[in-house]
4 protein chains.
Amino acid sequence: MTGYFSDIPKIQYEGPESDNEFAFRHYNPDEVVMGKRMEDHLRFAVAYWHSFAWPGGDPFGGQTLERPWFGETMEHARAKADAAFDLFEILGAPFFCFHDLDVRPEGESFAKSCANLDAIVDIFGEKMEATGMKLLWGTANMFTHRRWMSGAATNPDPDVFAYAGATLKSCLDATHKLGGANYVMWGGREGYETLLNTDLTREAEQAGRMLLSVVDYKHKIGFDGPILIEPKPQEPSKHQYDYDVATVYGFLKRFGLENEVKVNIEQGHAILAGHSFEHELALAASLGIFGSIDMNRNDYQSGWDTDQFPNNVPEMALAFYEVLKVGGYTTGGTNFDAKIRRQSLDPEDLVLGHVGGMDACARGLKAAAAMLEDGGLESMRDARYAGWEGPEAQKMLSGEYGLEEMAHYVETTGLDPQPKSGRQERLENWVNKFV
Amino acid sequence: MTGYFSDIPKIQYEGPESDNEFAFRHYNPDEVVMGKRMEDHLRFAVAYWHSFAWPGGDPFGGQTLERPWFGETMEHARAKADAAFDLFEILGAPFFCFHDLDVRPEGESFAKSCANLDAIVDIFGEKMEATGMKLLWGTANMFTHRRWMSGAATNPDPDVFAYAGATLKSCLDATHKLGGANYVMWGGREGYETLLNTDLTREAEQAGRMLLSVVDYKHKIGFDGPILIEPKPQEPSKHQYDYDVATVYGFLKRFGLENEVKVNIEQGHAILAGHSFEHELALAASLGIFGSIDMNRNDYQSGWDTDQFPNNVPEMALAFYEVLKVGGYTTGGTNFDAKIRRQSLDPEDLVLGHVGGMDACARGLKAAAAMLEDGGLESMRDARYAGWEGPEAQKMLSGEYGLEEMAHYVETTGLDPQPKSGRQERLENWVNKFV
Amino acid sequence: MTGYFSDIPKIQYEGPESDNEFAFRHYNPDEVVMGKRMEDHLRFAVAYWHSFAWPGGDPFGGQTLERPWFGETMEHARAKADAAFDLFEILGAPFFCFHDLDVRPEGESFAKSCANLDAIVDIFGEKMEATGMKLLWGTANMFTHRRWMSGAATNPDPDVFAYAGATLKSCLDATHKLGGANYVMWGGREGYETLLNTDLTREAEQAGRMLLSVVDYKHKIGFDGPILIEPKPQEPSKHQYDYDVATVYGFLKRFGLENEVKVNIEQGHAILAGHSFEHELALAASLGIFGSIDMNRNDYQSGWDTDQFPNNVPEMALAFYEVLKVGGYTTGGTNFDAKIRRQSLDPEDLVLGHVGGMDACARGLKAAAAMLEDGGLESMRDARYAGWEGPEAQKMLSGEYGLEEMAHYVETTGLDPQPKSGRQERLENWVNKFV
Amino acid sequence: MTGYFSDIPKIQYEGPESDNEFAFRHYNPDEVVMGKRMEDHLRFAVAYWHSFAWPGGDPFGGQTLERPWFGETMEHARAKADAAFDLFEILGAPFFCFHDLDVRPEGESFAKSCANLDAIVDIFGEKMEATGMKLLWGTANMFTHRRWMSGAATNPDPDVFAYAGATLKSCLDATHKLGGANYVMWGGREGYETLLNTDLTREAEQAGRMLLSVVDYKHKIGFDGPILIEPKPQEPSKHQYDYDVATVYGFLKRFGLENEVKVNIEQGHAILAGHSFEHELALAASLGIFGSIDMNRNDYQSGWDTDQFPNNVPEMALAFYEVLKVGGYTTGGTNFDAKIRRQSLDPEDLVLGHVGGMDACARGLKAAAAMLEDGGLESMRDARYAGWEGPEAQKMLSGEYGLEEMAHYVETTGLDPQPKSGRQERLENWVNKFV
């Protein structure tokens, strides 16, 4: 341990009655839920950017957080890695995630930046081997530097496209080398500020081409984790192309990539797009593209991405219900793309933000498992659609019956279907038995 | 003329200086803009439902509008048709649009409802022949009656699905008989109130099957107008499946219908989905599925569909710019899916709402045409992407260059792309020369 | 019992492990929390309008709910009252609330409407005496009928103002006669659709005058409950004058009524105004105008008032924390201004919506009480502001020190105040120990 | 001229037909509108912060704008002042506005910071005398530095309160010395991130005390411009105390300051609070607290403050209509609290953003003046409320008639008021004749 978190012990499970704020009250890694250890269910990951690279700024204020590792040298980068692995150990989270820019100083040239990244990757490799930490996913930051201001893959300047491709290669290589389970793409600048200077058709073709190139390269190097796109509707851009799960699905279908690429769903992004979190999860599952989760919460009254640690257990339960129903994560996991508030200055705050989030997820998971094991919701749902098992219904669904046959059926039987209660309150009460 | 609008003369074009509120100041049907008559560009349609069937209710109040034709008999329906054709004549709008429920009383059985519809279709046919009015599109109201409360095509009860299919057939038949240019589907109840009782996968399959059946039937009867889906994100439902243009595109791709079905885009629905109107138009054009427009405006501060008559000319200009850029309407048109406010009680209000909307569209169209003819925006846009004409860029775009070649290019050239101004304010000022 | 709910037994407390959906798992009326029975803490009220007068319509659909008492005769009104008191008995809620329009048919004249109301008041009186039910508050519906379309007190037509005054008198009389604990005013039409036809100054004076008249009359008849204004930002109107708690406070100060009038706060209205529910409660408490609660929840993704039964316990806990902190209700209570979904057709749904809501409130109350008894949050808060006890600080707060003295203090001491952690995550984790 | 804008000539009025993007097409300073020169009507001000101190960052990206004057020395500050006055001259705007932090480097101590400010104030004074530029308002930046992270006047730490008081004094002194017409307070951190650590009552008292101290000091030094509060609902904070005009009014009434303090209204802040811009202007006018305008626009689809240059003329017209109706600005003016987009890198962009904004305002002003001179809207409005001139109505308004008299009047006359059309579309069409 390097000392930054020196007074804080490794967080242990102490059970719900514990008064120790530096203990888990619900997350018990080895506890078995639905036949699997909680650690293997939840696959928690710590996000390097928010926890180690963010200075606490917002649009109206600058740095509030003071970290000894803030600085633009390799020495700072190494100190940052030391502190990060200290936190990982304190939390007992099995995974982490990073962008290139989080972990290495920008070099004077692309090659220098790559060399910096390589050096850090080596350090990460050693630390991972020493600690057992794993990489949930790597990604490229193609939104912070001014070169990306008008997009990366969707930039009007093909040189930026080339630079993006080179960057993606370097980050895929790093992720592959570290045994990453997935590779994520969030297109913070893949969108526009004004339609007036934008050619939607060209930019979509550029984006499709880049994604095809990424998939090609992934196969070439033998990286077997999925590529994940992370939808977000807007911010920083006025409009972002990967608006939500449904939009990403249409894009993947357009370029024939729906079996190659999945989605990394973030609660805050779902909210900003006008959806509930569980909607986005259920939709991705239904479309066969569910990959992983960026677990945070958005303030419901704020119109921007607040990236807070999750803490509303009933909401967690509904989210994990969708995850469990689709069979749980395969390569994905629960990444805390969440940041402590800029007023949370102390090392303890960084630890406790994660502890609270992990406990909230654990409670949500257990409640979700209990609901699924009870089966009440699923049996009610099956009953609601049971009519579709009938022969007439099957013919309509298969297309054997078209509009004319339906009309004939309605007319000859004098059909006058009566609505049946949707029983929403009843189902909500049922859920409240478990959360 | 039947007398309801008796004091109101046919609206004539009098030019911008006119002080006559019962005159067009901008809409001059025969004026040629970009080689086409304004009437042929704009293809205005009056919406039967808002103007003739809506009693003025809102969630907290009942009927405010008193019309002699309100009632549930065929006699009322005929009186309504008389008044409607009076208004069409007064306005000189060449098209109208209707749902089955707008024009005929609900019968005691499906067959009776169909018979009522047939009778009205005959009356419409006569009136259309007499007046030259045309039908922009027909549609089925599958959201008002309680049988549809849990969806039409996406209802858990297959009998409701059958009833929906029969209803669609009857409305397609009516539309075909009246020479309708398009057929529209808005799925107000195709969505859910709570995920807890909903099976997204089943409901998407039901929706896809119904749309395939509609397309089959359309071809069978030789209806050659397109089927149009009208996206809306929510309201009345908590979530509606046809959320926005991008979502509909993904759905069409999934069921192989992207060449059969287009979209009918409404400004208010775009806003509720978090998009600008011009975004949805430009995206549909880019994806090859632009069909028609429901022209209204939403109050920017209200979180529900306000369906007001359009009146902001700069916004109209940006919308029509996208329409003209894609070549104008083919079968589509400008349908006023707009209602006068519930406090606008008088016959004059009904006329003047349309007059103002038509004038705002006409100004928007002329400004859009001037912008397109000037070419300034397009030449700037071309210049912005001009780098893509280079050989290296073309190789990246075609896929000849993959990530490795891009990385090689970046490294060997020491590439360090510099951002270029996006010039947004300059372009906005340019637009303001025309609006 | 009249039979409508005939199969449903009186709901009893059975404890958290009960699997009986027709039982309370958390609401135990006689259980003592912080020295008071839960029933006396929560003071639940059933809202007549949503539960007995609402037909299930929404802006795109009509009646879905079928109740034998729907109709416009006194016989229907009596049947409605019978069913209502049956539900009250089943639920064991001690209070109810009503508008005039909910309980009586509209008469042909104002006098007839009053006579109808009087007749129902007599029936209510008998039933209340027989059952022990109490009236939490009465109110006037001055938003549904078309006469109110442009406002009641703020109508441009003084005759409507007079009609509103007369209506208020009749409803205050009824409330007084029934021993109502409060009288509520919600101004659904006190606002505007367009500023273009509105004189804000006149309308504010009208509203102030009416409120003064109400307060005068209340004193005159000896009604000793408070007058409560219910803030809402918009819907049905584009802008409503009683936007939120802060706005109402300014209005009361303007007319010198801040000691006479309090607020009835609704969760859904808070959300629509951009506030959290607990914000509005805490602000009202801080300003000394907290009165009562309309307890429901709004869908966080819907831009209109969804009036759902509350079910998120952590949110309830934060709300009741504010209520307990200000000393609990005095005359106020927890009115379920919540409606079952329009697809919830069955009598059971009506009962279970309330059961779930009451249980959620009970859990929230108990969690809030535990937090307050623990004292952790309050002691942290006191510590955070502890510096203000110092002599220098007191001088600044009292005004003894002005800007010059502050500048002198800063300059002479070389003051350079260092920020301290706000500890948000820590506090959120602390809360999660209790919910 | 210092050279930064060297190729750009002073912007001249060339009339609507000009194709010169570096010319005004509508803003003609000496043109007389309603008896006053346009320059005197509009009183344009350039905002120092956005145009000279903002590096182009957003929450996901860093600096894009490169200015030779960026840096933390007095030399940089002087270069910045040179460039600023160059821009002022190019634009011919008569006013500017600034925060202390915009214009001077932060010193090592408060006293050093003050000394830096004094030095710049001297430079400004010379430049103002040389050029005729005037100061519309000064203000203190009490939100960027980390010391303010938990508030300035509302900070839990009284030392920060003292530091805020000292800062306010220094900025009031600077403003007074430069002959500023107003002094503005925007409380970007006067609010909270979480209610859990916040004492609303204490913080309101602190805020009230500070405002009283500011007013005292203003009188003491003989500064005769008004103090202006700038409402904003949220961002950066989760909730800001100066939420909107109505909230500020309540606060002023509470502390007896409604005759001392006015509001500076920003379009973007109005939108974020759920109001139209014209609503906030009309309300402030109605309450007697209208002071000045921060003129920008917010993107209607973005949930954060986008601070774009205004360009929608119909919206400008409605805003200036309210300004003209209240008699125009007295000390206030039209400050462009607007920033060019972060992709607008070039000096030309900075100039053209202002040119476009000034032209849009000029068109809005002229349209507003024409509407007011025509008088159509006002006469319609008067007619709508004309009934209030009647004797019965006057008695109700004066309070001579209370509820009983109203009831008596309704009953004895059998009053049944009939609604009258609100004529919204008609009025909107009327407005469209002028914009």
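From the backbone N, Cα and C atoms, a Cβ is placed for every residue, glycine too.
For D:H99 (active site), the same-chain residues that are 6 or more apart in sequence and have a Cβ closer than 8 Å to its Cβ are D:Y48, D:W49, D:G138, D:T139, D:A140, D:N141, D:C171. Sequence annotations record features per position, and here TrEMBL assigns active site to D:H99 (among others).
Secondary structure from DSSP puts D:D102 (active site) in a helix. Residue environment of D:D102 (active site) contains 22 other Cβ atoms, counted within 10 Å of its Cβ in all protein chains. What TrEMBL lists as active site is D:D102 (among others).
The Mg(2+) 1 binding site annotation in TrEMBL covers D:E230, D:E266, D:D294, D:D337. When secondary structure is read from DSSP and collapsed to three states, D:D337 (Mg(2+) 1 binding site) falls in the coil class.
According to DSSP, D:D305 (Mg(2+) 2 binding site) is assigned to coil rather than to any helix or strand. The Mg(2+) 2 binding site annotation in TrEMBL covers D:E266, D:H269, D:D305, D:D307.
Within 10 Å (C-alpha to C-alpha) of D:E230 (Mg(2+) 1 binding site) lie the following recorded positions from D:D102, D:H269, D:D305: D:H269. Among the listed binding-site residues, namely D:E266, D:D305, D:D307, the Cβ with the most fellow Cβ atoms inside 10 Å is that of D:E266.
Compute the center of the Cβ atoms of D:E230, D:E266, D:D294, D:D337, which mark the site for Mg(2+) 1; besides them, the chain residues with Cβ within 8 Å of that center are D:W186, D:K232, D:N264, D:I265, D:Q267, D:G268, D:H269, D:I293, D:M295, D:N296, D:N335. With a cut-off of 8 Å between CB atoms and residues at least 6 apart in sequence, the same chain places D:E230, D:N264, D:I265, D:E266, D:Q267, D:G268, D:H269, D:N335, D:F336, D:D337 near D:D294 (Mg(2+) 1 binding site), listed in sequence order. D:D102 (active site) sits 17 Å from D:D307 (Mg(2+) 2 binding site), taking the Cα positions as reference.
Secondary structure at D:E230 (Mg(2+) 1 binding site), as computed by DSSP, is coil. The number of other CB atoms found within 10 A of the CB of D:D337 (Mg(2+) 1 binding site), across every protein chain shown, is 24.
All protein chains considered, the CB of D:H269 (Mg(2+) 2 binding site) has 30 other CB atoms within 10 Å.
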